[in-house]
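Here's the structure we're looking at; comments come further down.
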Amino acid sequence: MTTGPFVPNPTIDPKSLGKVGVLMGGRSAEREISLMSGNGVLAALRARGVDAHAFDPGLQAVADLAKQGFDRVVISLHGRFGEDGTIQGLLEQFGIPYTGSGVLASALAMDKEATKRQWQTHGLPTPDFVMLHAGADWQAVADRLGLPLIVKPAREGSSIGLTKVTSVAELPAAYEKAARLDRDVMAEQFIEGDELTCPIIGEGESATALPLIRIVAPQANYDYQNKYFTDDTRYECPAPIPADVAARVQALVVQAYRGLGCRGWGRADIMLRKSDNAPFLLEMNTSPGMTGHSLVPMGARAAGISYEDFVLQLAASASLELHASTDWKPE
C-alpha cells in the first residue's frame with residue numbers, strides 16, 4: 001500500500017480527453033453542494049483547455065450523454081443517485097467512462113452499515129453501532145454504545161440528518177429526524193478525540209493517501225452548516241499529530257479504501273481517540289466535495305498538487321469496470 005507523495009501525470013493532453021461531461025446537481029439532498037463542486041470542476045477543466053460541459057442528471061436523461069457524444073464524464077454528484085452505484089451502473093450500460101469507484105464499491109460506501117460490516121470483515125477498526133427502528137429499546141441502545149452517541153441516516157452524506165445525542169430522552173427525536181431521510185437509521189458509538197479526514201487517489205496497490213487534515217469545528221459540531229457555509233471551522237493540513245501516528249492512520253485509510261474496492265479517488269473520515277491515539281474509521285466518500293471549503297483539494301495542495309492539476313488527472317482517470325463483448329450471439 002502506498003502513502004508516499006503523488007506526482008500527477010504532466011503529459012496529459014487536454015484534447016485527448018475528448019468531450020467531457022461534468023455531472024452535477026442530481027436529485028439528492030446534497031444537490032446544492034454538488035452544483036458548487038461541479039461548477040468548480042467545470043471551470044478547472046475549461047481553464048486547462050478541456051472541452052467540458054455541465055450535465056445535470058436531475059434535469060436531463062442520462063441517455064442524452066450518449067446521444068450528445070460525450071467521451072467521458074467526471075462525476076461531481078453527491079449522495080443518492082450519484083454516489084451510490086446507480087449512475088455508475090447506467091454509465092456502464094451506455095459505455096461511457098466515468099471517474100471514481102464502480103457500481104459495487106459506490107453502493108457499499110454509500111451504505112454506512114454495509115461499509116462498517118465490510119471493514120469489520122477485514123479486521124479494521126470502526127466504532128460500534130446499532131441499527132435503529134421505531135420500537136427500539138432506547139435504554140438498551142445507550143447501554144451498549146454509551147453516551148454521548150451519534151444517530152444518522154445510513155445513506156446520506158454531508159452530516160445531513162445527523163444528531164449527537166447526550167441523553168436517552170433525546171434518542172426518539174434523533175431517530176425520527178434521521179428516519180425522515182432514510183428508512184435505515186444507525187446509532188454509532190461516539191469516539192472522543194480529533195476528527196480527521198484523508199483523501200486517497202489511485203487504485204489497488206497504487207492507491208495513495210494524501211496528507212491528513214484535522215477538522216476543528218465550532219463546539220466540535222461539524223454539521224452541514226459548518227461544513228459548507230461558515231468560515232468558523234478550522235482545517236489544519238497537514239494534521240498536527242505525531243508523524244508515526246499520521247503514517248499509521250494513512251496506512252489504515254488505504255486498507256479501508258482497498259477493502260471496499262474503491263478506485264479513482266475518495267476520502268475517508270476518521271476519529272483519533274484522545275486517550276490512546278487509536279484511529280477509528282467512520283465513513284468512505286467515493287465522490288467527495290470539490291467546493292471552496294472541500295477537503296480533497298486542501299489535501300492535494302498540501303501534497304503540491306494544484307486544484308486544476310488534480311481535476312485534470314481525475315478526468316484522465318475515467319474508465320469502465322465492465323467491457324461488454326461485441327462477439328456474443330444468442331444460441
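Backbone N, Cα and C atoms are what each Cβ position is placed from, and that goes for glycine too.
Positions annotated as ATP binding site by Swiss-Prot, on the basis of sequence analysis: 142-197. Neighbour list (Asp184 (ATP binding site), Cβ cut-off 8 Å, at least 6 residues apart, same chain): Asp111, Glu113, Met131, Pro153, Ala154, Arg155.
Within 10 Å of the C-beta atom of Asp269 (Mg(2+) 1 binding site) sit 19 other C-beta atoms, taking all shown protein chains into account. Summarising the annotation, Swiss-Prot assigns Mg(2+) 1 binding site to Asp269, Glu283.
Around Asn285 (Mg(2+) 2 binding site), the same-chain residues at least 6 positions away in sequence with a Cβ under 8 Å from its Cβ are Glu83, Ala109, Gly157, Gly266, Arg267, Ala268, Asp269. The Mg(2+) 2 binding site annotation in Swiss-Prot covers Glu283, Asn285 and is backed by sequence analysis.
According to Swiss-Prot, the domain 'ATP-grasp' annotation covers 116-316, on the basis of sequence analysis.
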Separation of alpha carbons, Glu283 (Mg(2+) 1 binding site) and Glu156 (ATP binding site) (Å): 11
Cα-to-Cα gap, Glu170 (ATP binding site) vs Glu283 (Mg(2+) 1 binding site), nearest whole Å: 24
Cα-to-Cα gap, Glu283 (Mg(2+) 1 binding site) vs Thr163 (ATP binding site), nearest whole Å: 16
Integer average pLDDT (0 to 100) for the domain 'ATP-grasp' (116-316): 93
